[in-house]
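Trainee: Please find one structure pasted underneath; my questions will follow.
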Amino acid sequence: MLDLFYAPLTETYFQKALIGGSIIAMVAGVVGSLVVLRRMAFLGDALSHAMIAGVAGGYLFMKLAFGLEAHAPGMLLGSLIAAVTTVALISFVSRISRVKEDTAIGIMYTGIFALGVVAVSIFRHYIHIDLMHFIMGDILGVADIDLWVSAFVGAGVLSVLILFFRHFQLATFDPVMAASIGLPVVLLDYLLTTCVSLVVVSAVSMVGVILVVGLLITPAATAYLLCDRLDKMMALSALFGVTSVVGGLYLCVWLDSAGGGAIMLFCTLQFLVVLFVAPKYGLFFRWMRLRNLVPQQAVEDVLTTVLRNKKPASVDIIRKYAVQGKNLVKVLKRMTQDGLLTQQNQDYALTDKGYKEAHTVLRAHRLWESYLESIGTPETEVHSIAHRLEHLDQAQTSAYLDKKLGSPKTGPHGKEIPAKIP
Amino acid sequence: MIKETSFAIEVAHLTVSYNAKPALLDVNVKIEADQLVGVIGPNGAGKSTFIKAILGFVKPDLGTVKIQGTHVKNAKGRVAYVPQRGAVDWDFPITVREVALMGRFQKIPWYTSPRKKDRDAAMEALDMVRMTDFAHRQIGELSGGQQQRVFMARALAQGSDILLLDEPFAGVDASTERAILEVLERAKRSGKTLVVVHHDLSTAAEYFDKLLLIKQRLYAYGEPYMVLNEDLLSQVYEGKLKIFKDVVKKEEN
């Protein structure tokens, strides 16, 4: 069993994949937090696709100019240029035409991706780029040079983000205020876009074009469900990135599957688990909260039932007139906690606070009955409609009805309308 | 001679246009210090351009904006801005304390972290708006009025003498409106000048010391009873005057 975990660790390819993947995932998580909060996820997708043109361009240029084969820094630089060009084109198109930004992104990145694909196939005798590798990534075949590149990129991007954390925080949260105190908001935008491009470019060789966005946003979104502070979100997001890589790599070795795919699969599962169990923003706890919520209507029904009973009411009476089912225990418990009811022997009595509220609801009920009668509602329906309407915001409705009806003292059948408690 | 700093904001000949359409046309106004000023005008009257001009975001075609006697371009941060509630991402992972701390960012050099005196200043500002109990809450968990107060605290922590508020009363109930107004008045008493974009004419006279009626050009600036006169309002609000008839009447009584 232990061997299952230990054996892969002795393999060099696994070690490299682990190191390279973790570095990239960590940085991607930190940058990704800002990407998620700024709603830039689609742009990240665009950058990853656009870079194939840059890779091809960089490859071709270094080969023709210096005779270097598959020169990594050259390709990296080419990718960056392609990314920046894409961003510039996107903002150009969305600014000067009526085409909106998301459409502009879609047009530009597919266009540049297509340019790259065409270039790679035309120059296939000069440059040897495996398109499949580019799209799917190859984390198990990480070259040393890729490791170094990712380490430098990671260190650089991380330094920038930590150094200017406050600036990014403010420019993301409230760009207007950021500009008003003189922060260079546009420059920060470009700096962040450059950071995203760098991370994307160095991650593509490992997880591929299609999955790189996942590495950027999924760990960040996972952390987003757990955190109420940006610095914590970034740290947690980095952690989730690393656990995705570790978990995914083991998954890939055990299942003998594609590396990039396994990592993203693990990452997504991780997100889904957190989505369900996160304490504050998770689905499970939200469902629990909803379940524990005691409806105001039930509370008011219990109050009026006890009031009408004129003496402490037993559970049976309350069950008969107010709340049926097993909810009742919960409602009574909550109302006792809130100081609306007190328990006397087996019966429930109103506290002063409870009496006041009950009085308000009863007054609303009687006023509604009078009103309904005055507009000619059939007698058989008066009570049930009033019973529904009595739960509307009483402060507003009672005052209005009272005025409209001329402050009546008694309702239909001579029932007394209780006066307003000041 | 009046000394230069007696005016908080001086706007002279301000003309701003977008694509040949004038957003502001020859606006001249001097806003005195220690005032609660309401900016009113119909939709599309250039109120937001006016705000942007005071914050120094727009490049005017003509004219100047001076903040406490300094050209607006050199007065970055002297006007503290409180955004509209709709413009804020309330799901942002940030606590009340952190928002207040943002008010200090301009004073913190880029290479250091916020120090104790910054954190103290932020807490002090939260204390002024009575929000210290909520310091560690995420901002989305607060009620509308509390949210507005947090951003007031941020503006106070900034230490600016001039506060610019964009529709602080939009979308809050009457009692919250009272609470916010109280905070504004407290800020005014402590020597701040507050410029508030406001859309509700029926409360404008009651809330503000001075009103500024704007629709591309400046129609009036002065005491509410002067600004809220039927002639001016009918010019600015055109056909929609009927609604405001009783506003004017109320003023006359």
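Backbone N, Cα and C atoms are what each Cβ position is placed from, and that goes for glycine too.
Just so you know, TrEMBL annotations never went through curation; they're auto-generated.
Relevant sequence annotations retrieved from TrEMBL are reproduced here:
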type	residues	note
COMPBIAS	A:413-422	compositional bias 'Basic and acidic residues'
DOMAIN	A:351-418	domain 'Iron dependent repressor metal binding and dimerisation'
REGION	A:403-422	region 'Disordered'
TRANSMEM	A:17-37	transmembrane segment
TRANSMEM	A:49-68	transmembrane segment
TRANSMEM	A:74-93	transmembrane segment
TRANSMEM	A:105-127	transmembrane segment
TRANSMEM	A:147-165	transmembrane segment
TRANSMEM	A:177-200	transmembrane segment
TRANSMEM	A:206-227	transmembrane segment
TRANSMEM	A:234-256	transmembrane segment
TRANSMEM	A:262-283	transmembrane segment
Trainee: Go through A:17-37, A:147-165, A:206-227, A:234-256, A:262-283 and flag the stretch with the largest number of C-beta pairs under 8 Å relative to the transmembrane segment (A:177-200).
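Mentor: When the Cβ pairs under 8 Å are tallied, A:147-165 comes out ahead.
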Trainee: Suppose you look only at the domain 'Iron dependent repressor metal binding and dimerisation' (A:351-418); what would the mean pLDDT be?
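Mentor: In the predicted model, the domain 'Iron dependent repressor metal binding and dimerisation' (A:351-418) has a mean pLDDT of 84.
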Trainee: What does DSSP give as the helix, strand and coil breakdown of the region 'Disordered' (A:403-422)?
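Mentor: Counting residues per DSSP class in the region 'Disordered' (A:403-422), I get 5 helix, 2 strand, 13 coil.
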Trainee: Give me the stretch from A:105-127, A:147-165, A:206-227 with the greatest number of Cβ pairs under 8 Å to the transmembrane segment (A:17-37).
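Mentor: Between the stretches A:105-127, A:147-165, A:206-227, A:206-227 has the largest tally.
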